[in-house]
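Heads up, the thing below is written out as structure tokens.
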Amino acid sequence: MDEENMEVEEMDQGEAAAQRVERKVYLPGKPLEKGEVLECDESVYLMRHECKAGSPCLSFDIIKDNLGDNREEFPHTAFIVGGTQSPKKGDNCLLVIKMSNLVKTQRESKDDEEDSSESEDEESNEGSRPIMHYSILKHLGCVNRVRSTEVNGTILAASWSELARVSIWNLNQSIKDVEQNKQLPKKVKREGYGKMANTVPPLFTFTGHQTEGYGLDWSQTMPGVLATGDCTRHIHIWTPTDHLSSWKVDQRPLVGHTDSVEDLQWSPNEPHVLASCSVDKSIRIWDTRAAPNKANQLTVAGAHLSDVNVISWNQKEPLIVSGGDDGFLHIWDLRQFKAGASVATFKHHTEPVTTVEWHPTEPTVFASGGADNQIALWDLSVERDSDANQGEDLQDIPPQLLFIHQGQKDIKELHWHPQITSSIISTAQNGFNVFRTISV
């Protein structure tokens, strides 16, 4: 099964002298026995890379580039913007990163890997490591969340600060810098980002939120329109001026939530339609053309058993996927939203779900990640084969679960790259992963 990308290694006692290793497929939820360890099976990844950027960047977004769509040919190049969470005062920043030399890493089998000599492995690994180039922008306070968009050729990023400030940045010059392969000096690791950062001011900063927040999303249908949500339940809508020099922020927050707004998602197809989720356990749909006290059009009050952390709006179908502190994933059909019941529910994650996102072109596929250090790939179109003779161990595994990716600690965000086919970038306490599996 594709979803078991981790293998269990255990020493065969009968052939210990020959150092033979017995391998078997790891099944989710099954505890390891004495002497067993998890080992990554590289044959199920077309590409798998690990990247670190100094201080953790626990929020990031992928910047669309001009290198083409539906890219399949290796090596790949990706551009991202991330925000740091350094405990050192004055050391936080936005990082514009060019990741290049993202080569194909797949090996046909574990035996192929073992047959390679140690010297060949070292030479191969040296040439297959990602190359990272950076542009650093000084940021006041830790970055809670960052999201990017393009408006008339200008790449913008919005950042939520722990200091209750939301700022908008022009990234065009930073992207030019990394395209010219300006690399992060090694002394940054010694001195911190703060001393190396460019002190470029943001285009615009809003200080009207009463406290910090995490809800942040750019509209896909209304260029430059932004929604922000804070920990005191308030949601504000931003509208740009003609020349992107300023934004008009409606000082009247949308009325509905009773606790912290955790995530926001604009409809990818309908202007003015916004979805939100909250610590108050609800998911709400808004029409931002209405007065703030009448904008809440639809509500599922008890969408999860506890905090609803994240939502994602399907690009092609009227579906929203949500993930919560309860570890559940729910699929909501907006045509049946008033009924208040999800059309599908999955309980795979053993800790809070911290990130979900639909595949950009495959409407039945999505990815989820959580504090249980797992990223799961799902396909709603898969059904259990009633004629298949499955073992007892497989009965509790939903057939829609395609793949489990592990190796990161405390996963915070993942994004499908919209231009590199079926590739995911994820971030966690121990850095970024960039990968594509054979499953999607």
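In case you wondered, yes, glycine gets a Cβ from its N, Cα and C as well.
Predicted automatically and left uncurated, TrEMBL annotations should be read as such.
These figures come from a predicted structure and were not determined experimentally.
Look at TrEMBL and you will find 36-102 tagged as domain 'Histone-binding protein RBBP4-like N-terminal'.
Marked as region 'Disordered' by TrEMBL: 105-130.
Annotated compositional bias 'Acidic residues' per TrEMBL: 111-125, in sequence order.
According to TrEMBL, the feature repeat 'WD' maps to 254-296 (among others). Under 8 Å from some Cβ of the repeat 'WD' (254-296) lie the Cβ atoms of residues 213-222, 225, 227-237, 302-315, 320, 322, 324, 332, 334, 337, all in the same chain and six or more residues away from its ends.
The average pLDDT the prediction assigns to the repeat 'WD' (301-342) is 98. Residues annotated as repeat 'WD' in TrEMBL: 301-342 (among others).
Here the repeat 'WD' (346-388) has Cβ contacts under 8 Å with residues 3, 28-29, 307, 309-317, 319, 321-329, 331, 398-416, 418, 422, 424, 426, 428, 437, 439-440 of the same chain, all six or more residues outside its ends. Marked as repeat 'WD' by TrEMBL: 346-388 (among others).
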DSSP helix/strand/coil residue counts for the repeat 'WD' (301-342):
6 helix, 18 strand, 18 coil
